[in-house]
Each structure stands twice: as C-alpha cells, then as structure tokens.
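Before any comments, here is the structure.
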C-alpha cells in the first residue's frame with residue numbers, strides 16, 4: 001500500500017490573561033507519511049503555572065478541542081489517538097500520534113494561559 005503524505009499546518013495562539021505569555025512553533029508545516037509517527041512541536045513561555053491546550057481544525061470544519069494540560073500527569077491523552085507530553089524543564093507541550101492517518105491532515109493550534 002502506497003503511503004500518502006500528510007500535511008499539517010501548526011498555528012499557535014495565546015489565551016488572554018494578565019501576565020506575559022507566548023507560544024512558539026519551530027515548524028510552520030509538518031509532513032509525514034501515513035503510518036509514521038507524528039509530532040507537532042509547541043514551546044511556551046509563561047510567568048506562572050501554565051494551562052496548555054491543543055485544538056484541531058479539519059478541512060471545512062470548525063475548531064475542535066483535542067486535549068489540555070492543567071496539572072497532574074505529564075502525559076495527556078486526547079481525542080483521535082493524539083497525546084501530548086508536558087515538559088516543564090524544556091517548556092514544551094508537543095502533540096504526538098504514534099501512527100498518522102491521511103485524515104489527520106488539518107490545522108493544529110497550541111494555546112497557553114497562566
């Protein structure tokens with residue numbers, strides 16, 4: 001079976017709050033072959049404790065919530081087989097999926113608030 005490339009455009013935003021906060025995306029687009037592991041990177045900067053979120057927007061559909069980290073276990077399981085790992089020392093919250101599907105082609109949004 002031939003593998004089709006999966007394109008994902010990662011976009012980032014911050015939820016407004018009183019303190020300085022930001023998210024950064026080192027890659028504008030991620031391309032993986034179907035069946036390969038997928039990682040969409042997100043790093044953040046906050047002055048307090050972070051609340052981190054991932055959202056997805058599939059073609060011709062509205063924004064959908066995938067997962068969030070507020071406190072507790074650093075590995076967060078989300079919808080559609082996605083998970084994200086909170087790493088405080090590296091200030092990262094990378095979205096991962098062990099085996100990407102063509103249907104995963106979408107816009108992915110990382111968000112932070114403190």
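The first residue you see is number 1, and the count goes up from there.
Glycine residues also receive a Cβ, built from the backbone N, Cα and C atoms like all the rest.
The model shown is predicted, which means the values in this text are computed figures rather than measured ones.
Look at Swiss-Prot and you will find 42-110 tagged as disulfide bond, backed by sequence analysis. Annotation source Swiss-Prot lists domain 'Ig-like' at 21-114, citing sequence analysis. Here Swiss-Prot flags 87 as N-linked glycosylation site, drawing on sequence analysis. The signal peptide annotation in Swiss-Prot covers 1-20 and rests on sequence analysis.
Overlay of Swiss-Prot annotations on the structure.
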{"residue": "42", "record": "disulfide bond", "DSSP class": "coil"}
{"residue": "87", "record": "N-linked glycosylation site", "DSSP class": "strand"}
{"residue": "110", "record": "disulfide bond", "DSSP class": "strand"}
Practice task
Could you measure between residue 110 (disulfide bond) and residue 87 (N-linked glycosylation site) for me? Cα positions, answer in whole angstrom.
Solution key: 14
Problem - Other C-beta atoms that fall within 10 angstroms of the C-beta of the residue listed as 'N-linked glycosylation site' - result: 12
Practice task
Look at the disulfide-bonded residues 42, 110 and tell me which residue has the greatest number of other C-beta atoms within 10 angstroms of its C-beta.
Solution key: 110
